[in-house]
Amino acid sequence: MNFNKAQLGAIEHKDGAMLVLAGPGSGKTAVITHRTKKLITKHHVKPSEILVITFTKAAANEMKERFNSLMKDERVNVSFGTFHAVFFTILKYAYRFTSANIADESVRYGFIREILSYYRLEYKDENEFIGNLLAEISLIKNSRIDIENFYSGVCGEEIFRDIYKKYETRLKENRLIDFDDMLSYTYELFKERPDILALWQNKYKYILIDEFQDINRLQYEIIKMLAAPQNNLFIVGDDDQSIYRFRGSKPEIMLGFEKDYPDAKRILLDTNYRCGRYIVEASLNLISHNRERFDKKIIAASKSKAPVTFADFENRRDENIFLIRDIDKKIKAGAVFSDFAVLFRTNTQPRQLIEQLMSYNIPFKTKDNIPNIYEHWIARDLFTYQRIAGGSRDRADFLQIMNRPKRYLSRDSLCDATVAFDEWIKLFDEKPWIAERIEKLEYDMKLISRMNPYASINYIRRGIGYDDFLAEYAEYRNINKEDLFDILDEIQSGAKGFATYEEWYEHIREYTKQMKLMALSKESDPNAVTLATLHSSKGLEFENVYIIDANEGIMPYKKAVLEKDIEEERRLFYVGMTRAKTSLSVYSVKSVNDKSAQASRFVRESKEPRQNNSRDD
Ligand code: ATP
Ligand code: MG
């Protein structure tokens, strides 16, 4: 590779702090791997004294591979890792921890489940509830918020505080730490034990960090201690690609780096070697609409004239078919499946696309855990209604829908019943109000049994009142109503076109099978189209990139209301656009699940730079 002057300046840098601030595709990651090599081959630094940190395991592995291929056959033990992995290594030595001391997801869920048994809390899906609690606990630990000042969105404050404290006690009693503790434990350790800190300072003489814009306060404090006193700290990043503010990342740390390290050298890289010139142009148009940013010069190295394609489709089906035809066309012209990536904002978006890819036999893989929508509790509810309509007298089925909605009977009136459904109904023969409701239930079920799957969901939603129930449930649990309705709409639209329940279920079984296969072959299939969320596409590159459903409410996401949230969404879109080497396609739709939809403002913004005179600050 012929590095440019600025890149060489960074690669050749030896001692002291350096900040490389540059846009996408400018070779920041390349500079890290090449500088690591230079430190060893030219400056004779011992490989074991070099520490290279990134934010995800996948990125760390990729970096390691890139580095190994630079070093040819030579085997060198540079440490490549995530913050968590590095900090855990430090804790291992200090406290003789092994991996058995890490509280993994199942242990954490287990603790909370046990703690919850002390309270009478009502929730619909236990795992979801626990997941929400754990996310709040994690946020508190990461941002070092005082628990007394924390307002829980999951349950009442007092109970939450109680749960939090019990959870912490469980960890301590069992000599366990969770992922969040790895940061605070390391921080405390370094503060309290200068001798141990000195050992690690001595071990890692050179520290390099990629994607530095995503660092949080605590990570930074630890790194500052670790890098002292030589401060051979080499950081690269792009504030325009900061997409984890919601998790406590602080890009201002990178922009303020020179205040902490007045001797730090700064290098700006201004050439994008990845994206064709029109992709660079469109992405710059877009990001110029953000106010809070460090303005960078970005020139496209590639002379490729491939245009950016924007298209607006009637619905997702048309969008998917067009996308698949486009892949097909490019494959016929010599591309391979691994040249393609389809990017989306949220995990529920690609359900229809996955079904289409399956029917066209196009191999795909994913970087994310795309949940199977048919395993969601809302889907389970719908199936249960249909099962009962189909004649099931399973008591568990019956209990599941009885109070969803609170149409037939309240759950309390059912609790004592330990007998089978049919006998149990007899118990209520003398109580006319119950008989009336049972009659209504039987009537509803008879109707449903004669309907096709799509129509039956319609009836469950509006005839039986499932929509009302869902809205009430969302309000009661203080969760976003629209998220639940998105899932319900998505499931219902999947049922369209199936004449019988059996056909629909067969289709779902096949879908579920494929989803499992995909989860197993995750990332390993060398010849498959990549499906990824915008978040997990960061740092990667592909010949052809599609961004699907570029619509208001999806991108920017409907929860982004404040200007600073919109700016984060814009950065996320920017990350997605700049993954493309030769072709970028941005697709929007005119309707999502039969509701009309509007193209994203980001589409418009990509075509026009912001007018400077409109700036009011
Ligand atoms: P991102 O911000 O998206 O992480 P980056 O700045 O880390 O991007 P890299 O991934 O390091 O960019 O590089 C982008 C692409 O450009 C890579 O394929 C890399 O090999 C190539 N590249 C980098 N520098 C040069 C160069 N001087 N000449 C040719 N290609 C280069
Ligand atoms: Mg990079």
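Cβ coordinates are placed from backbone N, Cα and C, and glycine is handled just like the others.
Quick look at what TrEMBL lists:
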- Ala22, Gly23, Pro24, Gly25, Ser26, Gly27, Lys28, Thr29: ATP binding site (BINDING)
- 602-617: compositional bias 'Basic and acidic residues' (COMPBIAS)
- 1-276: domain 'UvrD-like helicase ATP-binding' (DOMAIN)
- 277-539: domain 'UvrD-like helicase C-terminal' (DOMAIN)
- 598-617: region 'Disordered' (REGION)
Item to check | Packing count at Lys28 (ATP binding site) (other Cβ atoms within 10 Å of its Cβ) | outcome: 25
Item to check | C-beta crowding around Gly25 (ATP binding site), within 10 angstroms | outcome: 27
Item to check | Confidence summary (mean pLDDT) of the domain 'UvrD-like helicase ATP-binding' (1-276) | outcome: 92
Next on the checklist: DSSP secondary structure for Gly23 (ATP binding site), reduced to helix/strand/coil, please.
Outcome noted: coil
Item to check | Sequence-ordered binding-site residues from Ala22, Gly23, Gly25 with Cβ under 6 Å of an atom of ligand 2 | outcome: none
Checklist entry - Fewest neighbouring Cβ atoms within 10 Å: which of the binding-site residues Ser26, Thr29? => result Thr29
Checklist outcome for this item: Excluding its own, the Cβ atoms lying within 10 Å of the Cβ of Ala22 (ATP binding site) add up to 25
Item to check | Cβ-centroid neighbours of ATP site Ala22, Gly23, Pro24, Gly25, Ser26, Gly27, Lys28, Thr29, 8 Å, sequence order | outcome: Asp238, Leu269, Asn272, Tyr273, Arg274
Item to check | Nonlocal neighbours by CB distance (under 8 Å) for Gly23 (ATP binding site), same chain, sequence gap 6 or more | outcome: Asp238, Asp240, Leu269, Asp270, Asn272, Lys296, Ile298, Thr578
Checklist entry - With every protein chain in view, how many other Cβ atoms are within 10 Å of the Cβ of Pro24 (ATP binding site)? => result 24
Checklist outcome for this item: According to DSSP, Thr29 (ATP binding site) sits in helix
